[in-house]
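These notes are about the structure you will find just below.
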Amino acid sequence: MDVELHPDLEPLKFLLGTWEGAGVGGYPTIESFNFGQEISFTHVGKPFLVYASRTWKIEEDGTLGRPLGMETGYWRPRPDHQVEVTLAHPTGIVEIYVGNVAFNRVELHTDVVARTESAKEVTGGHRLYGLIGEDLGWAYDMAAMGHQLQSHLSAQLKKVS
Ligand code: HEM
């Protein structure tokens, strides 16, 4: 069933759809790696986007390997171009981001990072999402394992539907 877009979602409309592509990751404590990613942003007629991301290792021969990180959440536009995002991770981490959206670009920083007892020590994050031509580019910096905020992931994705 086709559901009408809630008018509050207008500034975030550019994110809607399924996106696929590849990115690179690293951190001072780990070896750098290449990954494939699929992101989807959908809506149900209410004033939030439903978000899901899955990733896979890209092996040296270019084939997709084991699953890496995945995350799900909700993107909630607020007045004055502000945005709130809730994200849940299977690694025992939950992030709440706040930020803003302008000109097909969203910038977010963590307000809260909550962790289960067994989760790795992640204390903060910063994310950018934006259109690069028709592609969706995104980058994630994190503060974790005693290190200051710095790059963990970045990727460029094409809209597939
Ligand atoms: C969604 C895409 C992501 C991918 C592809 C990814 C990939 C990886 C990989 C390959 C490693 C190396 C260890 C391993 O193989 O598990 C790693 C480590 C790590 N990642 Fe991610 N990650 C993602 C998202 C995240 C997010 C959202 C967070 C934080 C909320 C995070 C926090 C960490 C931490 C703390 C480590 C461990 C560093 C260490 O042990 O020193 N990752 N990640």
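Cβ coordinates come from backbone N, Cα and C, glycine included.
As recorded in TrEMBL, the features of this protein are as follows:
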- 8-159: domain 'THAP4-like heme-binding' (DOMAIN)
- 17-23: motif 'GXWXGXG' (MOTIF)
- Thr29, Lys120, His152: heme b binding site (BINDING)
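On the structure: features taken from TrEMBL.
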{"residue": "Thr29", "record": "heme b binding site", "Cβ contacts under 8 Å, 6 or more apart": "Met145, His147"}
{"residue": "Lys120", "record": "heme b binding site", "Cβ contacts under 8 Å, 6 or more apart": "Thr91, Ile93, Ala144, Met145"}
{"residue": "His152", "record": "heme b binding site", "Cβ contacts under 8 Å, 6 or more apart": "Gly25, Gly26, Tyr27, Tyr140, Asp141, Met142, Ala144"}
Next on the checklist: Between the two most separated Cα atoms in Thr29, Lys120, His152, the residues recorded as binding heme b, what distance in Å do you get?
Outcome noted: 14
Checklist outcome for this item: In DSSP terms, the motif 'GXWXGXG' (17-23) comprises 0 helix, 7 strand, 0 coil
Checklist entry - If the heme b site is taken as the center of the Cβ atoms of Thr29, Lys120, His152, which further residues of that chain fall within 8 Å of it by their Cβ? => result Tyr27, Ile30, Val122, Met142, Ala144, Met145, His147
Checklist entry - If you average pLDDT over the domain 'THAP4-like heme-binding' (8-159), what do you get? => result 98
